[in-house]
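Undergrad: According to Swiss-Prot, the record shows the following:
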{"type": "MOD_RES", "residues": "Gly2", "note": "N,N,N-trimethylglycine"}
{"type": "MOD_RES", "residues": "Lys3", "note": "N6-methyllysine"}
{"type": "MOD_RES", "residues": "Lys3", "note": "N6,N6-dimethyllysine"}
{"type": "DOMAIN", "residues": "5-239", "note": "domain 'tr-type G'"}
{"type": "REGION", "residues": "14-21", "note": "region 'G1'"}
{"type": "BINDING", "residues": "14-21, 91-95, 153-156", "note": "GTP binding site"}
{"type": "MOD_RES", "residues": "Lys30", "note": "N6-methyllysine"}
{"type": "REGION", "residues": "70-74", "note": "region 'G2'"}
{"type": "MOD_RES", "residues": "Lys79", "note": "N6,N6,N6-trimethyllysine"}
{"type": "REGION", "residues": "91-94", "note": "region 'G3'"}
{"type": "REGION", "residues": "153-156", "note": "region 'G4'"}
{"type": "MOD_RES", "residues": "Lys315", "note": "N6,N6-dimethyllysine"}
{"type": "MOD_RES", "residues": "Lys315", "note": "N6-methyllysine"}
{"type": "MOD_RES", "residues": "Lys389", "note": "N6-methyllysine"}
Amino acid sequence: MGKEKSHINVVVIGHVDSGKSTTTGHLIYKCGGIDKRTIEKFEKEAAELGKGSFKYAWVLDKLKSERERGITIDIALWKFETPKYMVTVIDAPGHRDFIKNMITGTSQADCAILIIAAGTGEFEAGISKDGQTREHALLAYTLGVKQLIVAINKMDTTKWSEARYQEIIKETSGFIKKVGYNPKHVPFVPISGFNGDNMIEVSSNCPWYKGWEKETKAKATGKTLLEAIDAIDPPSRPTDKPLRLPLQDVYKIGGIGTVPVGRVETGTIKGGMVVTFAPAGVTTEVKSVEMHHEQLSEGLPGDNVGFNVKNVSVKEIRRGNVAGDSKNDPPKGCDSFNAQVIVLNHPGQVGAGYAPVLDCHTAHIACKFSELVEKIDRRTGKSVEAAPKFIKSGDAAIVKMVPSKPMCVEAFTDYPPLGRFAVRDMRQTVAVGVIKSVAKSDKQGAGKVTKAAVKAGKK
């Protein structure tokens with residue numbers, strides 16, 4: 001078997017019709033975790049429905065509809081392998097809560113794959129001022145996804161025109177540069193997700209294409225999308241920090257009890273550890289930790305784990321709570337926090353008293369802009385105006401925020417995934433923010449400490 005491959009997470013972004021599902025479906029189908037039985041079942045259904053040509057998007061549609069009906073699909077289905085990595089697709093967009101998932105989920109992405117449609121008019125629509133592509137790319141960058149791959153899709157619809165490809169690359173380079181990415185660090189790959197050109201094998205349709213190159217830690221070159229994914233710089237995982245694990249769900253499982261589920265962001269979690277949930281203020285012992293239905297000796301950053309806890313009911317902890325080690329900088333709720341907020345698209349002006357919903361890690365809570373401390377220059381971070389009355393689209397400011405109910409957040413410099421958020425209002429992301437400092441509440445004293453925690457503490 002050899003050593004297990006390292007795991008990386010990618011998020012696929014781009015305009016609604018760019019072919020994200022087809023491209024992602026293709027990778028999962030060809031290199032992936034979908035077992036032959038499932039594929040045969042899907043193919044049979046596709047044939048019965050007259051979708052006999054069986055396109056990859058169908059795989060994804062099946063997975064997606066099952067996910068939206070609340071059937072949890074084995075997450076292994078969203079995986080595929082490259083020579084070096086086991087890749088998990090964090091979200092296949094088109095999923096209803098994509099932007100929200102970007103915020104709660106991009107913190108998990110090591111790389112974003114931007115799919116751009118090459119068709120006449122399609123490309124232009126995708127990166128126009130109000131195109132989703134711009135918003136997705138900006139979000140990915142602001143939320144710390146520092147690596148990017150650009151796939152120029154649907155090249156077959158342009159008859160594999162080199163001129164069109166060059167035009168798109170030029171535009172896209174300018175576009176991603178404005179967002180913050182350095183085009184020299186980004187591989188550009190012309191593909192057809194539908195026909196499979198340059199996805200896994202080199203296409204014979206574009207003899208003019210000499211391959212992609214990028215210069216990050218080392219120079220890398222290649223031809224296909226799969227090779228570009230394989231050339232992602234290995235992410236550093238913050239194992240040495242104290243544990244922070246935002247809960248995605250809490251299940252009650254017969255015969256086992258209460259099982260919180262979430263992704264380890266920093267630190268490690270193992271059986272026997274005494275954890276504190278904030279802002280709930282509940283402290284208890286972790287009995288065991290598992291991932292993909294297998295018991296783990298410890299959960300590491302990047303792992304999506306379930307762990308069972310003693311003497312805690314499902315009512316006491318919920319999505320948005322954060323678990324941490326009770327003996328090593330345990331998480332706490334906060335009274336307020338200061339953040340650098342960038343207003344992306346708000347139709348009016350934002351002043352003190354504005355109270356939109358914040359999505360920070362898995363928490364979804366209304367927070368009041370209680371004070372606009374100063375307006376700053378987005379590029380330099382220098383103050384340009386103290387205590388502004390209002391801020392509007394395009395502005396950046398330091399804002400004091402007060403959550404409407406207890407929430408657990410951290411400074412971005414201490415725990416990045418818990419220190420960035422999106423501001424949602426009017427069904428769109430109106431702003432994104434990075435937390436500078438947190439006023440933690442010390443109401444923990446009155447919290448609940450279970451018998452199991454006390455017992456474990458004596459060991």
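Glycine residues also receive a Cβ, built from the backbone N, Cα and C atoms like all the rest.
Walk me through the surroundings of each of these features.
TA: Regional average pLDDT for the region 'G1' (14-21) in the model is 75.
Under the three-state DSSP scheme, Lys20 (GTP binding site) falls in the helix class.
There are 15 other CB atoms within 10 A of the CB of Lys30 (N6-methyllysine), with all protein chains counted.
Sequence-distant neighbours of Lys315 (N6,N6-dimethyllysine) (same chain, 6+ apart, CB under 8 A from its CB) do not exist here. In the three-state DSSP assignment, the secondary structure recorded for Lys315 (N6,N6-dimethyllysine) is coil.
Take the CB of Lys389 (N6-methyllysine) and look out to 10 A: across all protein chains shown you find 9 other CB atoms.
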Undergrad: For Met155 (GTP binding site), identify the closest of the modified residues Lys30, Lys79, Lys389, judging by Cα separation.
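TA: Looking at Cα distances from Met155 (GTP binding site), the smallest one goes to Lys30.
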Undergrad: Under an 8 Å Cβ to Cβ limit, what residues of the same chain, 6 or more beyond the ends of the region 'G4' (153-156), are close to it?
TA: 18-19, 22-23, 115-119, 122, 165, 190-195, 197, 205-206
Undergrad: Return the residues near Asp17 (GTP binding site) by Cβ distance under 8 Å, restricted to its own chain and a separation of at least 6 in sequence.
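TA: Asp17 (GTP binding site) has long-range Cβ partners Ala117, Glu122.
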Undergrad: May I ask which of the recorded positions Gly14, Lys20, Lys30 is closest to Lys389 (N6-methyllysine) if we compare their C-alpha atoms?
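TA: Nearest candidate: Gly14.
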Undergrad: In Å, rounded, how far does the Cα of Lys79 (N6,N6,N6-trimethyllysine) sit from the Cα of Gly14 (GTP binding site)?
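TA: Lys79 (N6,N6,N6-trimethyllysine) and Gly14 (GTP binding site) have their Cα atoms 20 Å apart.
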Undergrad: What's the CA to CA span in angstrom from Gly14 (GTP binding site) over to Lys30 (N6-methyllysine)?
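TA: Checking the Cα atoms of Gly14 (GTP binding site) and Lys30 (N6-methyllysine) gives a distance of 22 Å.
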Undergrad: Give the three-state DSSP assignment (helix, strand or coil) for Lys389 (N6-methyllysine).
TA: coil
